[in-house]
Amino acid sequence: MLLNWSTLGGVASFFGFAHFNWNLSPKFSANWCPSSYGSLTREQRLEWDARVGSSVHAVFCCLVCLVCWLCQPVSLFNDPKNLGGSWWFLTAAMVVMAGYMLADCVGMLAYMTWKEMGPYLLHHCVAMICFLYCTHYGMLQYFVLFRLISEVSTPFVNLMWFFRISGYRNRAPMLNSVNSLVLAVSFAAGRIVLIPFYWIKVVNFLTGSGKFFIFRFPITFAFWTLFSGLLDVLNIIWFRRILIGGLKVWRGSRKVKTDELTVYAASNGVASSPSQ
């Protein structure tokens, strides 16, 4: 019964997010950002709409995490006895997330090359497999919740892209710089800093009440640890890129400030000789 329910929920989520990305987001963006959205190419509009959907999905994930941490159901948080358990609310949320991941993968085909899609497809496929497995078998959802915290940085990633593609990166350099800083901090907090804590929880579970897990579910254990490691490697690679991009943004922002001061000084007749 759970499989049928989760399958129907996943299909509904897929079509729901597909409808949002391909129908609702274009109408919303055309009304609220007519100049920026109207000047984009077809591929850029498709990516714009996909990123709007991505931001909505990220907010949904953060709300799910907030509800779980506030409610702290015994089946998820009775550490260490039930770290391998599940909760109906998180189960339903993972079904929605799996549907989104599939819709996003299909949407990428319209505006990305296979080379560009590679890391995102790997990330989405790993996440979908984990979601579907934990939903079907009703286990290890605490560790999924740990991973969902990483979505806190996604809206800022998308906002950085919106600034660049719409020209606001140059028109509002300070706002762009602040977003870059928040992005770096949220990405580090949600994806990098939590890595050792995640693996400590995994080791404690496997050496404690979950030590039977390796012997009863060896294939699951292998995929779980492999996929978790892959996600960590991807996050570290992406964080390196974010740091490099953030440094460029801040250097550019400082240059803009210097240029503005030079123009201000010239317009007010302030001499720039060494004597002054």
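Every residue gets a Cβ built from N, Cα and C, even glycine.
Here's what TrEMBL has on this protein:
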- 43-251: domain 'TLC' (DOMAIN)
- 52-75: transmembrane segment (TRANSMEM)
- 87-111: transmembrane segment (TRANSMEM)
- 120-138: transmembrane segment (TRANSMEM)
- 144-163: transmembrane segment (TRANSMEM)
- 175-200: transmembrane segment (TRANSMEM)
- 212-238: transmembrane segment (TRANSMEM)
Next on the checklist: At a threshold of under 8 Å on Cβ distances, which of 52-75, 175-200, 212-238 pairs most often with the transmembrane segment (120-138)?
Outcome noted: 212-238
Checklist entry - Could you give the mean pLDDT over the domain 'TLC' (43-251), rounded to a whole number? => result 87
